[in-house]
DNA sequence: TTAAACTTTGCAATAGTGTTGCACTAACTT
DNA sequence: AAGTTAGTGCAACACTATTGCAAAGTTTAA
């Protein structure tokens, strides 16, 4: 994915494509995995933690990435599909490998429909499966 | 639930029922909700954070409580059913109310069976539903 | 084209959660 | 009762997430 494309992508979601944001997005997109703030920080030492943090927050607010709390202690972020608005229909299962610590979006597995008891309403969900991925098996 | 019962309960799970542990268990059982370390700390100011922390860890290791990471930033703990061994069959959905911040075990809703792609194995899962509970609606 | 206004970035500081080492005390063993 | 083991309290620390502020960069608009 080249920079032009990324810039267009960000603009289409009403986020000004600064150099830092483009870099953060590019890393997330190319890695194809959910990455934490610390993961990103390591990949480009020169960039400030808070800058990355704010980029992620901006992305999150504009449905460019979605957060995944896989229980590893830090929230990770993964790029959304184009049409994603992060509502209940866009949600999918995430797989957390307890060996390598990598988190993968299972976009092919939407979150199953749940019938809650009377009186409960919901608009979001997290479904994390913990196990061992093919690479670690 | 009186102290005798709690002591028996803990003993049946091979945990020595000290005063602190009994207190922590009692609070969790009576509240009937998932509580975080900070929640518990607030309820009895005199007890040390680390003591509660270690009680919870001990409980967790012995399948007396199960952890719930509801995305609120701190892990909560809820009492297990009697026969629970915290394996995949004992898992259930948790409901996190985004208004009041309370987390409830939906024991009546077991985690649905998921067919993962080839090569993945799993032994644990967290399914958190975020929304508004009847009390807050 | 230049000043004002706004946005983004870097830095430093802070709050909160989770966790551990160590010393003291309580409980259990023989 | 002395020795051993387990539990508790305290202090310290690591790490994640987050914010205020000032400097740098960008955009707007006279």
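Every residue number used here counts from 1 along the chain in the order it is shown.
Just so you know, glycine gets a Cβ as well, placed from its N, Cα and C.
Bear in mind that the values here come from a model prediction, so they are computed numbers and not experimental data.
As recorded in TrEMBL:
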BINDING   A:97, A:100, A:133, A:136  Zn(2+) binding site
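The structure, with features from TrEMBL marked on it.
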| residue | record | CB count, 10 Å |
| --- | --- | --- |
| A:97 | Zn(2+) binding site | 21 |
| A:100 | Zn(2+) binding site | 11 |
| A:133 | Zn(2+) binding site | 21 |
| A:136 | Zn(2+) binding site | 14 |
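Contact with chain B, taken as any Cβ pair under 8 Å, is found for the binding-site residues A:133 out of A:100, A:133, A:136. In the three-state DSSP classification, residue A:97 (Zn(2+) binding site) falls within a strand.
Annotated Zn(2+) site A:97, A:100, A:133, A:136; additional same-chain residues within 8 Å of its Cβ mean position, judged by their own Cβ, are A:98, A:99, A:101, A:102, A:132, A:134, A:135, A:137.
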